[in-house]
Structures are given as structure tokens and as C-alpha cells.
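Pulled from Swiss-Prot, these are the features on record:
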type	residues	note
BINDING	His564, His568, Cys665, His669	Zn(2+) binding site
Amino acid sequence: MKAAEIREKFLKFFESKGHTIVRSSSLVPGNDPTLMFTNSGMVQFKDVFLGTDQRPYTRATTAQRSVRAGGKHNDLENVGYTARHHTFFEMLGNFSFGDYFKHDAIRFAWELLTTVYQLPKDKLWVTVYQEDDEAYDIWAKEVGVPAERIIRIGDNKGARYASDNFWTMGDTGPCGPCTEIFYDHGPDVWGGPPGSPEEDGDRYIEIWNLVFMQFNRDAQGNMTRLPKQSVDTGMGLERLAAVLQHVHSNYEIDLFQNLIKAAARVTETADLNNNSLKVIADHIRACSFLIVDGVIPGNEGRGYVLRRIVRRAIRHGYKLGRKGAFFHKLVADLVAEMGAAYPELKEAEQRVTDVLRQEEERFFETIEHGMSILEAALADVEAKGGKVLDGELAFKLHDTYGFPLDLTADVCRERGMTVDEPAFDDAMARQREQARAAGKFKATQGLEYTGAKTTFHGYEEIAFDDAKVVALYVEGSSVGEVKAGQDAVVVLDHTPFYAESGGQVGDQGVLANAATRFAVADTLKVQADVIGHHGTLEQGTLKVGDVLRAEIDAQRRARTQRNHSATHLMHKALREVLGAHVQQKGSLVDADKTRFDFAHNAPLTDDEIRRVEQIVNDEILANAPGIVRVMPYDEAVKGGAMALFGEKYGDEVRVLDLGFSRELCGGTHVQRTGDIGLFKIVVEGGVAAGIRRVEAITGDNAVRYVQELDARVNEAAAALKAQPSELTQRIAQVQEQVKSLEKELGALKSKLASSQGDELAQQAVEVGGVFVLAATLDGADAKTLRETVDKLKYKLKSAAIVLAAVEGGKVSLIAGVTPEASKKVKAGELVNFVAQQVGGKGGGRPDMAQAGGTEPANLPGALAGVKGWIEARL
């Protein structure tokens, strides 16, 4: 039975039992920044189990795409070397939300395994929690499993309820016992039943886990029965397929065998049992589906995990002798295997292929050099009888060649060696310290402050009259008084100043009273809810306890707000135009512009930029109000508010509805979209592989930009004697004229070269049967020099020639040697002889080579030495 049929039978079976088939959710957990990847079937139902979400069904079944390759759930190191470890896997599951419980869950599982899949009953063993007599009795008395094949597992992990057969969602919350079903591969395979000393063997393999959410555990560890008891089950498709296809390794099932054969094809590998092929076959699944769900290779978070997986696959291809891009070619094979079950993979095939190809090409630029250095270092360690690679070298590979530490460690592990990671960490720490010392930054997080939080009034006010100074800092130290001319950090009890956060810059402004004036140049957080005003005391003396009027630069704030609000609209517009894979990777919002980095694997076309601008400006013209609500985080994300991975959110969050955009945001914004005025994208480019950057301006800045652009268009039109509306046509005409003139010029240069060639041939000097010529050809370009050398070679028959030209303080050199003469004189060596004397270098074939230089004053002497240099070689 093939994997696709196994998946289909599972879903159809539970559908026949009243379950709703629910499509697999994304590998990027929806609106849950705390979880790296979806790693089980229950993730998309977490809120249902917690009682914060309701679905129109109480029974569900899924085939859930899952990844375990980052953080707590990380199987990456073992993938390819064991029978059942994968980065990507499919979890088959059935769920009951306050509907059926243990009896039906166990009965359904037994019926599916023994009747639908027709597994022999005497091959199935089960485990139950030590105290779960109910589950034990169901298996023994209702299902009829013999007592010797039912094993009770107690608290085997060192604490109360810490057991392989007791499941918890966390330290508190829903929990309960579970029962696991194992398949016995028979006495020919080593291993013992679960709970025995030999349980880690391969004879008894867990295939299904049935979790019974029976209790709620409070902070004191007390257990109370849940009013609605639920069921969450999970069975790995790959493990089940191995059992049904009578193989002992998941990599032997049909799905993997087809991918392994494809990997062998693209790497030109004959040995299908090579572990590297298993690694590649596994990794193409994880990488492709992560990209389908919007993850792009990068240097942090999910993107970094994806990059690690891609690079590990590439390195295994490299081990197999593949020195060029190959990994992306497997996407089509994966689509053939899994595209029917997951149409989203088929739809994204080209995008996935492009992202992987770009990442491969980028990594192959560095891997060969880095691998040669690493292999040489490992060979040196082995020659000395060592087992540890120097951490400093590992850091050099990381810092200079882009080798992640885990990649170096992976190579070492395969050689039976380890990396000195403490030394690596020391080198990394030194570099960070040097970067801090070299950089100019305001240290706020290091300030020692133990007072009350700052009350922020900046959402409603631009000034606050009775702000009290509660702390002062000069050069990082707490002081009681600041004098005129000193730079300082001022902490107030109340302030309208916004502290830099979420990509928005801090406010500027003034703190003042009748005798004192403090100019605020920036506002940063001292602690999470404590705001520091950085600046210079321009007048008077400032003491702790003084009362000031705190007033921000209102015009600067207004411009910043326009740009921040436009960023929200642009983010939404980019997702509409480019696709849901667009995710924010960074932003900077100040008074001049908004800079927005996002995941996308190709430059934006002019049409895409225009569409984004049009969508945003349409929202501006709609003049929709900005509506801010403070609500619980779970309620916000359930309502569709976009949360950003990596951002930290409290229990209460601020939700901004602005036009068609809804995001969690603590920044300051316009009252209505119309306040933005005008939106214009001015820069689009790449900042890293798979990361694009857009810069845009708004309001009066955008108006000035358009006016200046209009003025330049008018100037260009006047220079070309055309109307602005005719500019494109006129430019095309000028380009045609230039092309025609360049063609004429080329013909004249060629004619000149021909005539000069005849004259130069007469200057050739015969040395040992070879005509030697070294001369300058005034006004010639590289093409003319080459053509002239070719004609001289033809004319002189046996010759060694160097021609030079000087233009703009730079020397161009072409050397040519006829076939007979090249046996003793090489053009590359000849041109380098001259180039080294004029501050340059070059190279080429034995019969033709070129070079350049930056010291034309030395050219006459260099050419004069050619005859003697050739004489020495004939």
C-alpha cells in the first residue's frame, strides 16, 4: 500500500466516523510568534482545546505537514543516519473536542489498524499510563488485547506525572494520560518491548499515540477533571507506511525511494544506499514546504533554520561530487509525489524552485573554498592524533566564508571529531565586543534604574506640563544634578515622548521650565516601561525632582506618523500584489521615509511597484479612520491582527485597524488614512538572499519629490527639444542615432587599425626567427588592439607582439603570439611582464592575452624591455 493510499484511507475512515476532514495548516503557526514551526497535528486546534476558539465541528481529522528542525524539537543532526528521523513528516490525526473519549478513540484506532490496514492483531502491543485503569480495561476487556501485550508505564522521567504516557501542554493547563500502540517487527530484529532495558531497539516501533485530555493542572500541581474531555491522536505517516510496506526504515517506503532515486539522478550517484541521498531526499520536503508557507532563507528565526537545512543538503551533494547547483531540480520530483495531496505545493512550484536555486548559487560561491580549508585543517588534526577542531578556525569559517558552526560540527562529527565550541564562543564574543567598541550608540539598557514606570501620554498629547524628573544619568552613571553643556539621559514620571520601538524612531523635542532648557535629541527605553530622554542641557541646572514641560517636535512626529501608517498599508498591499509569503523582516520609520524589508525572492517589477502605490494611495483617498483597541493577545490574533515573529507581546496588546490593514502595533499613527497625503516608493532593492527592501516617502516629502521629478523631466525634454509627453519617443530616437554613430566609429577604428598595422609591421625586429613588436597604438580601444594584433600575427607569420594604448590615465595591453612561437613564448607571460611594470596584471591563453595598468609613465620603458625578455627565451 503506497503512502498516498495510506493517507487517503486514514482520512476517509475518520470521515466515515463523523469527522470533518480539515486541511493541513501552515508550517508557520498562524499568529503565534512563540512557536517556531508547526510540529504536530494539534497545533492548529490549540485554541479549541484551551476553550478560546470554537469550530463548527466537534470531530476532526487531518494529515498535518510538520517540521522538527529548530529549538526544542530539533531532529536535524540525526536525519539521514537513523531509520526514522526526519525534518519534515506528516502527522495523521483524529481529534475530539468534548465529543467522544477513551472508548471510541481506542475502538477507532483498533478498527483502522486491524480492519482497514489489516495489520495482524498479534503484532500490536499497547502501553497505558500506570494509573489509567480505564484505558487498560478497554484494551483488555473490550478490544481483547492479551494482558502480556499491555504494558503500564509509570512516572519514568523523574517527577510526578512526568511519564512517556502522560501528556501535558505546559506546566499548567490541559493534560492527561495517553496510550501508545506499537508494532512488533519480530524476533529477527533486536529490541525489547516498551519499558524494558532494550526498548530503544528497532523491534517494537511506536506507530500511534492517543492522548486523553482529561485534567486541568493548576500552578500548585493539583489535578481537576475537565468539564469537556477531549482526544488528540497522532500517527506518523512515514512510520505507518514502513510497517505496511514491510520495511524497517522509513527511507525504504515508496515516497522516499522515489525521492532518493531522484536525488541520485541529479547528483549522478550510483549507490542508492548512500546516507547523503537520504539526507537530500528528506531535506527537499522540509525546504520546499517551508518556502510554500512563506519562509525565506535568512540569518535569523525560521529563515535561518531553513538556510541550515538547505546548506546541509548542498553539502551532502558536495560530498557526492556535485560541485554545482542541483537541489532545486528535485522540486519537480517532490511535486510529482505530493502535489496531489497538497495542491499548494504544485501552485508554488516555480517560486520554490527559484528560491532554492538562488540559495544554492549563493552558497556554492563560498562552499568550495571553505570546505577545502576545513578538510585541510581536519587532516592536520588527524595527522597529529587529535580529535578536536580549533574553535578559532571554526569561527574564521563562520565569519569569513559563511559556514554556520553547526555545518562545521556536522562535518567534524562524520570524521569522529568535535569542535572546540567554547573557543568559538570566545572568538564570537571578542568580535561583538570590538563591534560595540567601534560603533557609536546610546547605552540605555545598562542604566541602573529601580524607580516607577513612566506614564506615556504620547498617543493623545504632544506636550505634558507637569513632568517630574525622577532620574538623571551622565555617561552611564546616576547623578543628582546636570549642568549646562552636559549630555545626559533624563527619566520623567510622565512624558509624551515616544521611545524608539518597533522600527519607529524616538521623538525629539524640549524639556523646559522658566530657568532650564534640555534639548532632546532622541528617546529610548531604559527598561520595558521606562523612557529615557537623551540630549543636552542648553540652559540652567537640572536636578532630580524638578518639574518641566515636556514638548515633542510636533512636525517631526507628524511626518513620522505618516510614514509609519503608510508602512502598515504598504505591508498589506505587498501581500496582495506579491502573495501571502511576504513577511516583514525589518523596518525603520523616521520623519524622512519608511524603510521596509520583507521576504520575497525576486526584484519588484515596475508594474508591481505601481500596483502597490495605487493600492496604498487608494486607501489614502478613502480617508478611513484609524481605530485603536487594546485587548488580550489571543483575542487580537483570533480577530485577524497580524503578529510578527520575533516580537514580544504582553497579555494585553494594541491593535490598529487602518483602512484594510490590521496589525499589532505600539507605535504612533495618523487619525485617518487621508492624513498621509501621498505615498511614493523611491527605492527598491535586495539586502540579502530572499530579502527585498523598499523605501517610500509620504506627505510633503512625496509632493516635493514629485515636483523635483517633474522639473527634471521638463529639463530633459528641453535639452532634447521635445515636449515632456514626447520624451520616451525622443530618447529612443537619440539612442538609435548613438548606435548608428558608434557603428560608424567602430568601422573607422577598424580601418585605422588596418592602416596602422601595415605601418607597425615594418617596425618588427627579428629575433631568432621570431618577429618581435612592442608598440603603442594611440586612440585605440581594447577591441581595436585585438584586431590589430590578429592582423599583425597573420602578416608576420611567426611573431610575438605587444600593443598598448593609454586613455584616462589607464593602460590597456594586448599580447599575441603565433602558434610556432608560442612553443617558447607564452602570451600570458609576455603581457604580465609588461603589466607588472605599469602597475597592473593580466592573463589569457598562450596565443592571446590581455592586461591593464595604472602607471602609464612606465610604459615606454616596459615596451623597450620586451625584445630582451623574448631573446632570453628563444
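For all residues, glycine too, the Cβ spot is worked out from N, Cα and C.
Predicted, not measured: the structure shown is a model, and the values here were computed from it.
Counting every protein chain shown, the Cβ of Cys665 (Zn(2+) binding site) has 26 other Cβ atoms within 10 Å. Cys665 (Zn(2+) binding site) falls within neither a helix nor a strand when secondary structure is assigned with DSSP, and so counts as coil. A Cβ within 8 Å of the Cβ centre of His564, His568, Cys665, His669, the residues given for Zn(2+), is found for these other residues of the same chain: Gln504, Gln561, Ser565, Thr567, Gly626, Leu656, Leu658, Glu663, Gly667, Thr668. The 10 Å shell around the Cβ of His669 (Zn(2+) binding site) contains 23 further Cβ atoms across the protein chains shown.
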